[in-house]
Amino acid sequence: MDPEVSLMLLCPPGGLSQEQVSVELSPAHDRRPLPEGDKTITAIWETRLQAQPWIFDAPKFRLHSATLASSSPEPQLLLHLGLTSYRDFLGTNWSSSASWLRQQGATDWGDKQAYLADPLGVGAALVTADDFLVFLRRSQQVAEAPGLVDVPGGHPEPQALCSGSIPQHEDLPGELVVRELFSSVLQEVCDEVNLPLHTLSQPLLLGIACNETSAGRASAEFYVQCSLTSEEVRNYYLSGGPEANESTGIIFVETQRVQRLQETEMWAQLCPSAKGAILLYNRHPPLQSGAGKSHLSHPSVPALSLQL
């Protein structure tokens, strides 16, 4: 296993649909206050703001743990989520004391992630109609992994479920959180690759990977099938999109080559989130044989409706 990434959860072969995932959102799953208080988080944030005044804080979902039950008639996954923020991420996972915080969390709570923000990300193993996986070269201007190769992705947003107010646990029903989780990965594909929503399948959750370069921050990785060919996808990408500034180029890799991608020079160019997505994708042979194409959605499916 690559030291930059670890696998927290592998879903059953073929992945899980939205209907097979549920969420328990509770303050019990939030980050623990730091042993000496959160003043260091505030100081780190203020320093970062001085250097990069364009950044802004935003609430995020925090992944505490996940429970997979192999029940009949089909497996069910329960995600235990709390709330956190981008500010707390910079002050914990991304801070110079992250390793110490993990050690202290293990000592104090029996959980090395207890003091870390751990905002949950999403990523897409996006496969074209002619069987290519889609990658993006990240811009040098982005905060994380500038210049490296990534899969389309981002974060589910608590704010999307309660616009105009600060999200509170009791205001976020589990069913809506699950919908935001699955729809957010489609939103990221639409925004970053500039693809029409109706060309994308319903996402299938492959598993959860952890970025060890940011102290184990987790990302839910999905399989998404596109009804367009790689050339058509390239043309849409080159015509620009809402987040075109986040990447500088698009890369296509044949799905049959992805199994051995770790043995190629390209692997060293992948950021940890992309490595996690590929490691999980490679553990789902049914999807590599084309079974996922049966999940192509219709644009009228309510669960996939997005505000573009």
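Yeah, the Cβs are placed from backbone N, Cα and C, and that goes for glycine too.
According to Swiss-Prot, the substrate binding site annotation covers Phe56, Tyr86, Arg138, Ala143, Asp150, His155, Glu157, Ser273, on the basis of similarity to another entry. Positions annotated as Mg(2+) binding site by Swiss-Prot, on the basis of similarity to another entry: Glu188, Glu192. The domain 'Nudix hydrolase' annotation in Swiss-Prot covers 117-284. Taken from Swiss-Prot, the feature motif 'Nudix box' covers 174-195, and the record attributes it to similarity to another entry.
Model confidence over the domain 'Nudix hydrolase' (117-284) is summarised by a mean pLDDT of 94.
Taking a C-beta cut-off of under 8 angstroms and a sequence separation of 6 or more, Tyr86 (substrate binding site) has the following same-chain neighbours: Ile55, Phe56, Asp57, Ala58, Lys60, Pro119. Here the Cα atom of Arg138 (substrate binding site) is found 14 Å from that of Glu188 (Mg(2+) binding site). The shortest Cα-Cα distance from Glu188 (Mg(2+) binding site) to any of the binding-site residues (Asp150, His155, Glu157, Ser273) is found for His155. Around the Cβ of Ser273 (substrate binding site), 28 further Cβ atoms fall within 10 Å across all displayed protein chains.
Helix, strand and coil counts under DSSP for the motif 'Nudix box' (174-195) come to 20 helix, 0 strand, 2 coil. The least crowded of the binding-site residues Asp150, Glu157, Glu188, Glu192, judged by other CB atoms within 10 A of its own CB, is Glu157. Here Glu192 (Mg(2+) binding site) is positioned 16 angstrom away from Glu157 (substrate binding site), judged by their C-alpha atoms. Counted within 10 Å of its Cβ, the other Cβ atoms near Arg138 (substrate binding site) come to 20, all protein chains included.
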